[in-house]
Each structure stands twice: as C-alpha cells, then as structure tokens.
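Visitor: According to Swiss-Prot:
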type: REGION; residues: 1-34; note: region 'Disordered'
type: COMPBIAS; residues: 22-34; note: compositional bias 'Acidic residues'
type: BINDING; residues: G76, N77, N78, G79, S80, G81, K82, S83; note: ATP binding site
type: COILED; residues: 226-451; note: coiled coil
type: CROSSLNK; residues: K268; note: SUMO2 cross-link
type: REGION; residues: 452-659; note: region 'Flexible hinge'
type: COILED; residues: 660-914; note: coiled coil
type: MOD_RES; residues: S669; note: phosphoserine
type: CROSSLNK; residues: K773; note: SUMO2 cross-link
type: REGION; residues: 806-828; note: region 'Disordered'
type: COMPBIAS; residues: 809-828; note: compositional bias 'Basic and acidic residues'
type: REGION; residues: 1072-1091; note: region 'Disordered'
Amino acid sequence: MAKRKEENFSSPKNAKRPRQEELEDFDKDGDEDECKGTTLTAAEVGIIESIHLKNFMCHSMLGPFKFGSNVNFVVGNNGSGKSAVLTALIVGLGGRAVATNRGSSLKGFVKDGQNSADISITLRNRGDDAFKASVYGNSILIQQHISIDGSRSYKLKSATGSVVSTRKEELIAILDHFNIQVDNPVSVLTQEMSKQFLQSKNEGDKYKFFMKATQLEQMKEDYSYIMETKERTKEQIHQGEERLTELKRQCVEKEERFQSIAGLSTMKTNLESLKHEMAWAVVNEIEKQLNAIRDNIKIGEDRAARLDRKMEEQQVRLNEAEQKYKDIQDKLEKISEETNARAPECMALKADVVAKKRAYNEAEVLYNRSLNEYKALKKDDEQLCKRIEELKKSTDQSLEPERLERQKKISWLKERVKAFQNQENSVNQEIEQFQQAIEKDKEEHGKIKREELDVKHALSYNQRQLKELKDSKTDRLKRFGPNVPALLEAIDDAYRQGHFTYKPVGPLGACIHLRDPELALAIESCLKGLLQAYCCHNHADERVLQALMKRFYLPGTSRPPIIVSEFRNEIYDVRHRAAYHPDFPTVLTALEIDNAVVANSLIDMRGIETVLLIKNNSVARAVMQSQKPPKNCREAFTADGDQVFAGRYYSSENTRPKFLSRDVDSEISDLENEVENKTAQILNLQQHLSALEKDIKHNEELLKRCQLHYKELKMKIRKNISEIRELENIEEHQSVDIATLEDEAQENKSKMKMVEEHMEQQKENMEHLKSLKIEAENKYDAIKFKINQLSELADPLKDELNLADSEVDNQKRGKRHYEEKQKEHLDTLNKKKRELDMKEKELEEKMSQARQICPERIEVEKSASILDKEINRLRQKIQAEHASHGDREEIMRQYQEARETYLDLDSKVRTLKKFIKLLGEIMEHRFKTYQQFRRCLTLRCKLYFDNLLSQRAYCGKMNFDHKNETLSISVQPGEGNKAAFNDMRALSGGERSFSTVCFILSLWSIAESPFRCLDEFDVYMDMVNRRIAMDLILKMADSQRFRQFILLTPQSMSSLPSSKLIRILRMSDPERGQTTLPFRPVTQEEDDDQR
C-alpha cells in the first residue's frame, strides 16, 4: 500500500475533515476536549454513488444501481448477490483477493465460462475537498477489468465519461485523498472477517484490529519509514563527506597545478636531479640484493654444515641402533644356541635317568633274591643241624607209615609251590605295570607343571593389561604407560619455564586417530614402538626430555624412544613417492593427524606413505606377491596385524590392539574373559596336577604292596621248597652216615658265606646305583630348569629386538630424510650462487650506466620505486605544463569549478546535517502527539462502547495495553454487579452479535472513512437485540449524515422507521437461466405501500 500523505498523521485538531460528535454524557474528562470538531450535514466526497458488475463471480450482470448518501440496506436471500456487491466494492477499489475471504486469486472472481469480468464504481467528488475537480468533475468513475489469468487493469473516468488515467497510482491517490481504506475492517467488514475477529483468542490480534481501524497502524508505519529515511540520509551524509574529501584533494591538485605554471624550469631541474638519484638508487638496490643473497648463501652454507652434522649424528645413531640390534640378536642367538646345545644333553640325561632307575630296580631285585637265597640257606642249615641231632639221638628207623605220610606231604607242598610261583609271576607283572604308570604320571606331572607356569605368566601379563585399560578409561594417556600423564605434566612445566625450544610432541599414538577402527591392529603392527615415541625439535630438547624421563623410568627399564627432527608447520608433500592403490589406503591416508610434526615424524621414521593396509589376508598376498605389486609400495599389513612383503609373509604375535582401540569397554570385557579363562585353566591344571599326584601316591602304595606281596610269595616258595627238601632228605637211605650230613651242613655253610658276600656286593652296587640315579635326576632337573630360564630370558629380548628393528628402520629413514633435505638444500644453494654471479654482473652494468648519467656517486635515501613514481609524476606535470603553457585561463577555470563543486557539496552536507537534527526534533514532537492522539482515540472508543452497551443494560470493559500491544474485551450481559464479566466468545449468538455491533459502532465513531459497510450484522440476533442494534445504527447514521452506511442483511427490514435518509436495495432471488439480477432501489414509503 502506498504511503499516506503526511497530513494523515497529524493530531485530531488538524484532521482533514473536522467534525463534532454528539458525545452526550461522554464529555466527563478533559481528554475529550482535544477531539471536538464541527458537524457536516451531507456527504460531498468519497461516498459510493453506484456499482455495476458484469461476469463477476456467479453473476452475468448485476446492476447498475445507486446508493443513497446516508443509510443503505441491501437485503435479499442467500445467493441473491449481496456478497458479490461487497466483494466487488473491495476488489474494484484496488483491494486484494484475499481481503474478501472469497478467493485467493482474482481469476477466481471471473464467472465460469467467461474470459473476463468488469467492475464499475462511481464515487462522489463535490465541494471544497473534491479531488482534481477541474479534471474529474462531480464524480469519478472507476472501471476495473479482470482477465481470466488473474491480471487486472484500470480506467479512471471523469463525470463526462472521458478517460483521465489508467494508472493504479492515480487510484491510490484518489483513495488517499478521500481517506478510503478498503482493507480496513471498520470501513468494510465482511461476515467472515467479523467471525475470525470474534473467535480470535489472541488479544494482540484485537489490538492490531483497533490500530488498523483507526489508521494508527499506518501512522506507526509512516514513522518507521521516516526513521529509515533518516538513516539513509545519514548514510548519504557519510558518502557526501567521503566525496568531500576526494573533491578537496582534487581542488588542492588543481590549485597546485595553477601555482605550478611558474615553476616549470624548477621542475625540469628537479627531474634531472631525480634521474641522477634514480641511477644510483638502482645500484643501491642491486647492492642490497647482493648483500641479501650473500647473507642467504652464508645462512645456507651454515645450514648445509648443520645438515652434515645432523647426518653424521644420524649415522652415529644408526650405527648405535644397528649395534644395539646386533647385540640383542647375538644375545638371542646365544640363548638359542645354548638352548639347542642343552637339548641333546637334556634328552641324554633323561635317558640316563631312565637307565639308572632301571639299573637300580634290577639291582634291588637281585639283592632281594640273594637275600631270600641267604635266608633259605640259613634255614637249610638250621634244619641239617637239627637232623644231625635227631639222627644222633635216634636209635630206631622210621616206619613205613611215616614214609607214606612224608610222600603225601611232599606232593601237597609241590602243588603249593607251583601255585605260589604262578602268583609270583602275576605280581611281578603288576609291579612292572605300576612302575610304568608311575613313570608316565611323573612325566605328565612335569609337563603340566610347565604349562601351568606358562599360563600363570600369561595371566600376569593379561592382568597388567587389564589394569592399564581400566586406568585408561579415566585417562587415555595411561594406555601408553602408567607414567605418561605425569611425564606430560612435567613436560608442560618445563616448557613453561623455558627449558624447551619447542614443546615436545608425544606420545605419537595419542596424537593420531583412526578413520577405520578395524585397522587398529594393522596400524599398531606397522608403527610398533613409534606409538610410544616423542618428537623433539633439536638435541638440546632431547637431552632435557631424557632427563625428565629418568625421573619416571627406573634404570634398566625400557623408555619411550625419542625422535629428533626440526619441527615444521606443514606436512611433507609425498605425492610423488606415496604408494597408491584404488581399493586400499596407506597408513598415512588411514589416519587423521592434526599435527604436522607427528605426520612428518611418522613419514620420516616409518615411511607410512608407502605402506598399504589390506584387511583380508589372502587379498593382501594376492596384491603384494603378484607380478606387479602397487607402485611405491614396500609392504602391507592385514587387519590381523600380519606383515606382507613381495616375497615374504610374517604372522603377527598380537591378537588385539593395545593403544589405538576405541572400544575400551569391549577390550576390557575380552581381557576379563581371558583372565577368567586363564584362571579357570590354571585351576583345571592344578586339579589335574593334584589328581596326578594322588595317582602317583596311590600307585606307589600299590607298588609297595605288590613288592611286599612278592617278597612274601618268595619266602613262602623258599619255605615250601625247604620243607620238600627236608622231607626228601628223610626219604634217603636211612643208613646215611651222620658224617655225610655234617659234610652237607659244612657245604651249606660255605654256600651261605658265598651268598652273604655276594649279597653285600649287590647291596653296595644297589646303593651306588641309587646315588647315580639321584645324581642323574638332579642333573636332569638342573638342565631343565636352565632351559626354562633361557626361554624366560628370550621373551623380553624378542620384544627389545622388535623395538630395535623399528629403531634401525627409523634411523635409516631419518638418514634418508636428511640426505634428501641436504640434496634439496645444496641444489637451492647452488642456485643462489648462480644468482649471485648474475647479480654481480648486473651490478657492474648498472654502475657503468650510473657513471654515464652521474659520474660522481651520490647518497640516495629514497628507494628506486619511490623515485620512479616521483619522476613519472614530475614528467606528467611537465608534460601537462607544456600542453597548457600559455592557457592560464583554462587552468584558472578548472580550479574555480573544482572549488565551487567542493563548496556546493559542503553546503549540501551541512544542510542535510541541519535537516537531520531538525527532523529528529520534529519526530520527537510528532511521536508525543501520536501518543496523545492514540490516548484520545482509546478513551473515545471506551466511552462509545460503554454507552452503546448500556442501551441493553449491558456493561463492558476494554483494556488497552499499548506497551505489549494487546486489547482485551469483556461484556457483562446482566444487570449491574449481578453477573460476571465474560469474554465475548462466552456469550450467546445474539449477545455476541449485539456486542460486536457495539464494538464496530465504537470504532465507526472514531474512524475517518467516508463510508462504512457491514455484512449480515444481525444474522445471529434475536428480535429484541436486532431492534436495539438497528436503532443504534440509525441513530449514529442520523448524527453522521456526512458519512454513508451500507448494511447487508437477509432480513426484510419491514420494521424500519420512515425516513428519506434510508434507502433499501432489495435483491430478488435469481430464476433458473436468469442472467441479469433485478436490482432496484426502494424508499421507505414504497416498501410500506408494497406491504
């Protein structure tokens, strides 16, 4: 909507159409005095005289018809065209389609089947306030043509029918002049807009309704527009001031040019002097360049020397690393050789132990046999002696019955000996079985004991890992060692105290992040000890860091490695030497590294740009061991940590990542399961050991029983054999001489002596074999213990060997790094030296040229570029002076024009500044007036609303909150204080419609539009409320004859009082096929006659 004229925002005293309202009892406060005016008797401008519609909405032709100057009732049933008249009024006077609540686009108002619609509205244009009375005459005809595509065009015609304008701006000017507001709901209030307003719960919407109805909102927008204009003016002032600076500079230049006409010869002299200075200034600059190049060469040579020293130091460190690797390897080889050397001895000693045990057992058996034989001979001796005594005493021979009895007993004894011998063989077999079982159990016991020791070592390692992982949950740095957080804190303190040139970076594993967590083990297997390493800028920083590490790492324990390399802020460009494969990343690309020092150190020490990461083992073999491995790729690592070369494959000893895993909880859970499994495994092994020990003890007991039983059987056999012999001896010829028996006894004694001597020898041999057996067992246990010790020593040495191998690789890469840097530096240095030679030749040429221009060397303070600019500027001045020499009038004119332009703009800027200041004062005054005017309208609206409600004995409240922009309305339909105030939505349909009419009439009383339109104002009222509302409207219309009222209703209006000011426009129901609606005006008298 176009901006209103400034007069629209004046106070009520300066309103365009002053009038006086009949306030009756309202004039109780002093504020109403500001709102009084004069009364007009008839409307002269802005009211609607006639409307004519064609193909509009669902009507082919509607009208033409004329409205009265005061009260007009448009009556008719639904579908008769009442709403079409109101909609056409809004659209025809430039309103938007959405404001009608009948459609969202203008093309929706064109009747179906037609290409366009036409609206013609005639406005009254009489009296002193007429709009361009000489052009339009007493009326203005507004014709609007709406096309099917939604576009519209205007024709503004005079009273004679001639077209005055087709521009919408002219229509807006007319509406502004007549103060017609088609989008103001007080001027034109449709039934839908009224319903939306009454049902709104937002008090802010009601406040906006009030502001829009009273044009206060337009005034507020105009104030905002003025303030925006003020800010734009300030910006113009700022731009003008900048332009003033430029104009002043141009004016000064023109003045200098004007004054320089007389100094032409001086300028030529100055030009020659500047040329002399320029010649030697060029020499000075070349000399400075030469000095800078010499300085750079000297710095470069110093750096080359430093690089040589670093290469030597790197070579020393490489030699030390290789020596350390060789020493560890030698130790491992020595341990391996010693272990291998002791293996045959161990086997031999084991076999010797078995042989010694067997020999001892055999000797023990022989001894026992000799002992039994001795005992048998001793018994035989006793029996012979007894027999001799019996023979000596016997005087008579045995009888035959005795002999038969002896024969029978001999047979029984022989059968018994045979049974005992069978038992002896069976028990001997059991003894051998028990001895084998005991030997087997002892071997198994030793094997399980060693396995238990290995599992305990693994359990201890896992428990340490589990503790470190749990500590790392609260502090990730503890993954790299329990002392790392304290070491880093010490590094920070030392750096703050200035002990480091640059703060060391590390551990490197804490400075990198994985893009793919599945590659954690692969990257750890690749970087190994580098994950715990630290980077230092120089060897001085390294020495400080070594001193700090001594505080946290005990002597003899391994410390994190330290990499010494000059810190750089940019990562090396390794694109020319990096490995590439379309499907697999390198270690460098698989890592997120924010610190360039970390990336460069890993590139130098491990060559991570040349190492591929291939998750699948078989795919890694296929890629690396093919005929054409990837370019620049030295090796690859799999997700299991295996290392793959072109011709070799090494499996990883580790099964899980230690430093780079992100899922710490999962690792803790896995380790806890492993600890639990190993604890259970140790328990099972211990139970197995206990079971074996029980079996060994049980078998040894059974063996002892068998051996005891075996001895008992031997004794029984010997006893029975002795009895048999004794009985058989009795059977011999009884005539045997006693001397013979005595000879036999003597012979038996000799045998006993021999057996006893042999037994003593066997006993000594058995004791000797027993000592040999114990000695062999001790030797076997000692060498077994030594072999186990060697195995335990080899495990940490293997870890140290891996670290040493990584260190050797790192030092080799460091050496290559310094060699490459030295080569690049020497190339740059040689280039500088060639540049020096060229500059020296150039200096000789420039000095020769300078002597030709100025033989004697002069001191020059300005640079050649400044002198060159001054020479060019002076030449231009001289050329300009030559071109304008003698035309002093032209130079004078240019100077005067520049000066006048500057002064004119300066005057305008000063004027605008005064205007801004004055505008601020005016706006402050007008805003106060605006607030006073708003207060006046608010009070009048409250008074009118309360007075109108009192016609029905209602009470009402209107609470305005201008700060929060809210308006709350409450109505009490009862008498006095008997009923509570209610929101309008809580009222009945008739009460709400009546209250709505009162509110609208209150706004009508303070609004300035020349006409008011109200659609179906009484549709929800009962007869009593309709009568009262009608009386209120007619009373207001009678008091405001200078305004036009158009009221749309479906009621017949037969009860209206007789008045020439009232015109009823009755619309008939359209008949089937009818294209033109009869629309005729009826006066009150005609309506009464028809009834």
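A Cβ is built for glycine as well, from the same backbone N, Cα and C atoms used for every other residue.
Surface or core, plus neighbours and distances: that's what I need for these features.
Guide: Long-range Cβ proximity for N77 (ATP binding site), meaning a same-chain Cβ under 8 A and a gap of 6 or more residues, is found for P1050, D1069.
DSSP gives K268 (SUMO2 cross-link) a helix state.
According to its DSSP assignment, S669 (phosphoserine) is helical. Proximity of S669 (phosphoserine) to non-local residues of its own chain (separation of 6 or more, Cβ distance below 8 Å) is seen for none.
In the three-state DSSP assignment, the secondary structure recorded for K773 (SUMO2 cross-link) is helix.
The region 'Disordered' (806-828): residue composition by secondary structure is 23 helix, 0 strand, 0 coil, according to DSSP.
Remote same-chain partners of the compositional bias 'Basic and acidic residues' (809-828), defined as residues 6 or more beyond its termini with a Cβ less than 8 Å from a stretch Cβ, comprise 300, 303-304, 307-308, 310-311, 314-315, 317-318, 321-322, 530, 561, 563, 565, 604-607.
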Visitor: Which chain-mates of K773 (SUMO2 cross-link) that are at least 6 residues away have a CB under 8 A from its CB, listed by sequence?
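Guide: Same-chain residues close to K773 (SUMO2 cross-link) (Cβ under 8 Å, separated by 6 or more) are V353, K356, K357, A359, Y360.
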Visitor: Would you mind reading off the Cα separation of G79 (ATP binding site) from K268 (SUMO2 cross-link), to the nearest angstrom?
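Guide: Spelling it out, the Cα of G79 (ATP binding site) and the Cα of K268 (SUMO2 cross-link) are 98 Å apart.
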Visitor: Of all the recorded positions given, K82, K268, which residue's CB has the most CB neighbours within 10 A?
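Guide: Most Cβ neighbours within 10 Å: K82.
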Visitor: Would you identify the secondary structure of S80 (ATP binding site) according to DSSP, in three states?
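Guide: It is coil.
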Visitor: Using a 10 Å cut-off on CB atoms, tell me which of the binding-site residues G76, G79, G81 is the least crowded.
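Guide: Relative to the other binding-site residues in G76, G79, G81, G79 has the fewest Cβ atoms within 10 Å.
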Visitor: Find, for the listed binding-site residues N78, S83, the residue with the lowest Cβ contact count at a 10 Å cut-off, counting only other Cβ atoms.
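Guide: Among the binding-site residues N78, S83, the sparsest Cβ neighbourhood within 10 Å belongs to N78.
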Visitor: Taking just the CA atoms, what is the gap between N78 (ATP binding site) and K268 (SUMO2 cross-link) in Å?
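Guide: If we compare the Cα positions of N78 (ATP binding site) and K268 (SUMO2 cross-link), the gap is 100 Å.
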Visitor: Cβ within 8 Å of the ATP site centroid (G76, N77, N78, G79, S80, G81, K82, S83 excluded): which residues?
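Guide: Neighbours found: A84, P1050, M1067, D1069.
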Visitor: Near the Cβ of S80 (ATP binding site), how many other Cβ atoms are there if near means within 10 Å?
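Guide: Neighbour count, Cβ to Cβ under the 10 Å cut-off: 22.
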